[in-house]
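Engineer: Quick one: structure below, then a few questions.
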Amino acid sequence: NENPTFEGCPNDITRSANPGKAYAIVTWNEPVASDNSGYIASLIKSKTSGDEISIGQTTVTYRAEDQTGNVGTCVFVITVTDDEDPTLSNCPSNIHRNTDAGKPYATVTWQEPTPGDNSGLPVMTSTRSRGDQLYIGVNEVTYTVTDPSGNLALPCSFTITVNDSENPIITLCPSDINQGTDPGTDVAEVRWDLPVAEDNSGIVSVVGNYQPGDVFDIGTTTVNYEASDESGHTDTCSFQIVVFDDEIPNIICPADIAQNSDPGKATTEVTWNVPSGSDNTGVKSVTSDWQPGDTFPIFTTLVTYTVTDIYDNSFECTFKVVVFDIEPPTIICFEDKQTSTRPGLPTSIVTWSDPRVGDNSGDENVIYISTMSSGDAFPIGTTTISYYAIDPSGNSATCEFTIEVIDDEPPVIACPTPITVNTEPGKPDALVEWNHPVPTDNSQQNPILLFDGGSPGDRFGIGHNKITYTSKDSSGNTQGCEFTITVEDHEPPTITCPADIIIEANPWPSVIVSWPYPAITDNCAKVNIADGPSLREGRVEIYENEKWTSICGDWWDKPDADVVCRQL
């Protein structure tokens, strides 16, 4: 059960690495293993005296095992220290570069220095890296190297100077400015947006010989701006400010003038005070197309004054000179006239001479109008013709005359042709129809129609019946016509004899015989004698209203006889 033992097991060892090496050759007295059995079956060691031991701590182990499997060990630590500084060679020289186009920096590369160390594991660091963007100016680059043991190499330092070779650029230079003078002055306060400049450095200043809000005289002024960066590069721009006098001068004209024309004339002399002009830069001239004391015609004349300043700006003012014509024109009309209508027409064509007119503005300026014109057709009756004379100012005068058209032409009327009819059966008369004649008249108005002797639809007795028509127009002219209605009786009378008479002759050879008179009737009879002893005796009857009626009874006197005679 007893483990083997070691005699002379070394203590921990510390050595410095061999120069230029990452290890140290270390030697030690190797320990001796023993066992109570007197026999070491195996002896194993991790390092051997004289081995190269790398920088750092290395544990060295010896292991002894007897034949029964018991194990004994010897362990110690070898520490190899690195006391040698690393090295840094091929340090670059100072570098000069221009900025990248449009940039405030330059992308710079260089050959990095070469680090070295006995440990073979140097760690190199730098304040800048290859390909960095280095800004305008001097940029210091420092490389340092450390080894795992913290030893430092001497640093490698160099400078990279980035030069700005680009000029700044003014991108928004104002355009030329045209501006009128400030009201009432001969200068102008002009404002504009300051130019915008860009530079790759990002730092640029802009200065100009004028600033927005400065006051400029009339004329052309060049404004210059310069943009500069910190490297002294510049860019310039310029524009022109043109100040012009656009303020029109002022002039105040007199008020409008109204004046009557001189008596009997078409003009009058008018005077006024001449206006004066003013301007912010000074008046050069005042002109007019009319002058005080000029003679002005009737109606409205526009007087214009023009003021012009020294820069040829001009302004006009106007006023009116109104000359009134208050005199009316004169007009003399034609005398009254009388005439007859034209045949068959209700009018007469009448002509006359134009009226005589005059006016202070000139006879030719008078316009006259009339209610009718010479050569017009005038109707029957009296027509008043009015003439109105108007001068150009609206003054007027009138005159009148009359035209009397007389209608001395009678109406025209045509009666029907004569009419012949038969009596109606059993009647002593006939009902007759015809159309009234239609009269016409040159007046084109319907004349009055008068008639006598009967009307269409009347009953007319046997014989000749005269119908008379008379037409009368509105002027009292008359015209008549007549025609005859003849009623003929072609119906024979009737007679009814007594019946045959047979009488016995006894005792005489002759007999006195009596019988009633035959009954006699006729369509034309208006008077009849009935029931009398002879044709001339009896009761008097009259045919009236379709029947026979007794006219007289027991008494016969003069009135009865008159009736009978009238009927006969």
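Note that Cβ sites are derived from N, Cα and C of the backbone, with glycine treated the same way.
Below are the features listed in TrEMBL for this protein:
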DOMAIN    1-82  domain 'HYR'
DOMAIN    83-162  domain 'HYR'
DOMAIN    163-245  domain 'HYR'
DOMAIN    246-325  domain 'HYR'
DOMAIN    326-405  domain 'HYR'
DOMAIN    406-489  domain 'HYR'
DOMAIN    527-568  domain 'SRCR'
Engineer: Tell me, what is the mean pLDDT of the domain 'HYR' (326-405)?
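Structural biologist: The answer is 90, the mean pLDDT of the model over that range.
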Engineer: Under DSSP, the domain 'HYR' (163-245) has how many residues in helix, strand and coil?
Structural biologist: 0 helix, 45 strand, 38 coil
Engineer: So, by DSSP, how many helix, strand and coil residues make up the domain 'HYR' (326-405)?
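Structural biologist: Tallying H, G and I as helix, E and B as strand, the rest coil: 3 helix, 40 strand, 37 coil.
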Engineer: Reported in the order helix, strand, coil, what are the DSSP residue counts of the domain 'HYR' (1-82)?
Structural biologist: 0 helix, 46 strand, 36 coil
